[in-house]
Amino acid sequence: FPSGNETFEKLGAIGTLSNLLIYLTTVFNLSNIKAATIISVFNGTANFGTLLGAYICDTFLGRYNTLAAASLASFLGLLLIQLTAAIPGLHPPSCGKSSDAATCKQPTGGQMSFLLTGFALMIIGAGGIRPCNLAFGVDQFNPNTESGRRGINSFFNWYFFTRGVQRMISVTLIVYIQANVSWSIGLAIPAILMLISCALFFGGTKMYVIVKASGSPVTSLIQVFVVSIKKRNLKYLDSNSLFNYIPKKSINKPLPHTDQFNWLDRAAILTPADKINSEDGSPENPWNLCSLQQVEEAKCVVRVLPIWVSGIIYYLAIAQQGTYAIFQANQADRRMGNTKFQVPAATYGVFLMLSLTAFIPVYDRVLVPFLRRLTGKEGGITILQRLGVGVLISVLSMLVSGVVEEQRRRIALTRPTLGMSDRNRGEISSMSAFWLVPQFVLAGLAEVFGAVGQVEFYYKQFPENMRSVAGALNYCGIAAGSYLSTALIQLVHRTTEGAPTGNWLPEDLNKGRLDYYYYLVGGLGVLNFGYFLWCSSGYRYKKAKDEVVQPEVKGSA
């Protein structure tokens, strides 16, 4: 039930977003640039909102209550977006398939406000569901048993497997209905599925392991930085002189002292001015004295941040397959063989999902056990090695995208075309859109290693009480990638508009050089890979002070 909760939220969000570019350009009559910008900003804001959702979850509501409220918000958001298609007064009049996009009537302020209200509710829903859902699922396992630890490892892989299945449904069945039957019906399906999701989630309430909110761990992190600055002039001796205190109800495992980031250790230096509570041994003023445990937890977060930064460029590459790759398909031959049936442009994203979904079981059941026998590591390879492979494949996907686009454009300019695309945005190249499949497949493989690896990395390297924050951090990386994509698109569009080579990203891709843009993103990826290797070389994995694996109890996870 917990994984289904986000599955249907994603089915609504991604199922809509994968074809929303087409919806905004055909129903709301927006330009490609405006539509791509709205999608990127919405996706970025929804993912950055997970930080606030994680804070509310950990500090006030707990994961279950946060998921409950966020699920209802997602449903209402999807319902409002569906109404923009169902009610004629909530969208501008259609200007016909053959009309020029520049002459189409634009939406009114009220119509855009109604649409954006639906987006806002979906952002609220995503902000609560995305950081808490995976953490809520992990709560159902016992990490102190061998089967529980392996169960968590498999849970991450199969969690993304179910998401892959959901995304395949969204970009095939739902997108087909939206593009060929009715936008009203096509947008109603995600709303109905989200309603079913709410019913399933609430129906499983009695089965869940529910962890109550224990206060914001972010406050503890801030205290470490504030106190270390206050005590920056104190002389640090050794770890034995540092104050250590672990609350009895803490769910975090005790961490040993590490010699990295020693400047943070000053926060735990006990001075004559610091007072200790006689009842439980805690500091009277946590803004003047922190425990060694707090300091080590802060170090865990600091170590992760440079790796997180490398994930931004990784997600920048993946984001291109959901925006300009769709426009590529729209100006390519989308016919199935010799038939008249045309595959909707947004449906080509299914090959990313197929690649992700097909390879995850192979990775989890075949590759990991094989590598485990060779390396002796529980996951077959280290998490950072897995991330590195993902970053490298994402670069390869951009290079392949550039080569394919170069051929699509060349064929469109040198051979007979198949007519005009929607809204006269350009001639349709006679190159089959199925040549886009390799770049989608590579992006899917990159997600198997990179996206799944990042989630596992954050959850395992963060303190146990920061699992919601760990989930939020992953989505913030996606958000930063989306915002960076938006900024890069705008920068390239404005910079190249008057260049001798012409605008790289015009409405008509045949008149642009999208391949150059892909190579630019690929070049950034190469630099990012070098940065990732440099960060990884000095990384130290989190290790509990006294890790003891409990004996197996039959039936336990």
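From the backbone N, Cα and C atoms, a Cβ is placed for every residue, glycine too.
The transmembrane segment annotation in TrEMBL covers 37-56 (among others). Counting only same-chain residues 6+ beyond the ends of the transmembrane segment (37-56), those with a CB under 8 A from a CB of the stretch are 13, 17, 20-21, 24, 30, 66, 70, 119, 122-124, 126-132, 216, 218, 319, 322-323, 468-469, 471-472, 475-476, 478-480, 482-483, 485-486, 489-490.
For 68-91 (among others), the entry in TrEMBL reads transmembrane segment.
Here TrEMBL flags 112-136 (among others) as transmembrane segment.
Annotation comment: TrEMBL describes 156-176 (among others) as transmembrane segment.
Among the features that TrEMBL reports, transmembrane segment is placed at 183-203 (among others).
Taken from TrEMBL, the feature transmembrane segment covers 343-363 (among others). If you look at the transmembrane segment (343-363), the same-chain residues 6 or more away from its ends with a CB under 8 A from one of its CBs are 18-19, 21-22, 157-158, 160-161, 164-165, 167-168, 171-172, 175-176, 178-180, 321-322, 325-327, 329-330, 334-336, 433, 436-437, 440-445, 447-448, 452.
Through the fold, the transmembrane segment (383-404) approaches residues 307, 310-311, 313-314, 317-318, 320-321, 325, 328, 435-436, 438-439, 442-443, 445-454, 456-457, 460, 515-516, 518-519, 521-522, 525-526, 528-529, 532-533, 536, 539 of its own chain, all at least 6 residues removed from its boundaries and within a Cβ separation under 8 Å. Here TrEMBL flags 383-404 (among others) as transmembrane segment.
Per TrEMBL, the feature transmembrane segment maps to 433-452 (among others).
The transmembrane segment annotation in TrEMBL covers 516-535 (among others).
Only residues 6 or more beyond the boundaries of the transmembrane segment (68-91), in the same chain, are considered here, and those with a CB under 8 A from a CB of the stretch are 5, 9, 12-13, 16, 23, 27-28, 53, 61, 107, 111, 114-115, 117-129, 132, 182-184, 186-188, 190-191, 194-195, 197-198, 201-202.
Within its own chain, the transmembrane segment (112-136) is flanked in space by residues 2-3, 5-6, 9, 12-13, 28, 42, 45-47, 49-54, 56-57, 63-64, 66-67, 69-81, 83-84, 90, 156, 159, 208, 455, 459, 467-472, 475, which lie at least six positions past its ends and keep a Cβ under 8 Å from the stretch.
Outside the transmembrane segment (516-535) by six or more residues, the chain places 306-307, 309-310, 313-314, 316-317, 320, 324, 387-388, 391-392, 394-395, 398-399, 401-402, 405, 488, 492, 501, 504-505 with a CB less than 8 A from a CB of the stretch. For the transmembrane segment (433-452), the residues of the chain that approach it from at least six positions outside its boundaries are 156-157, 160, 164, 311, 314, 317-318, 321, 325, 328-329, 332-334, 343, 345, 348-349, 351-357, 359-360, 363, 386-387, 389-391, 393-394, 396-397, 400-401, 404, 407-408, judged by C-beta separation under 8 angstroms.
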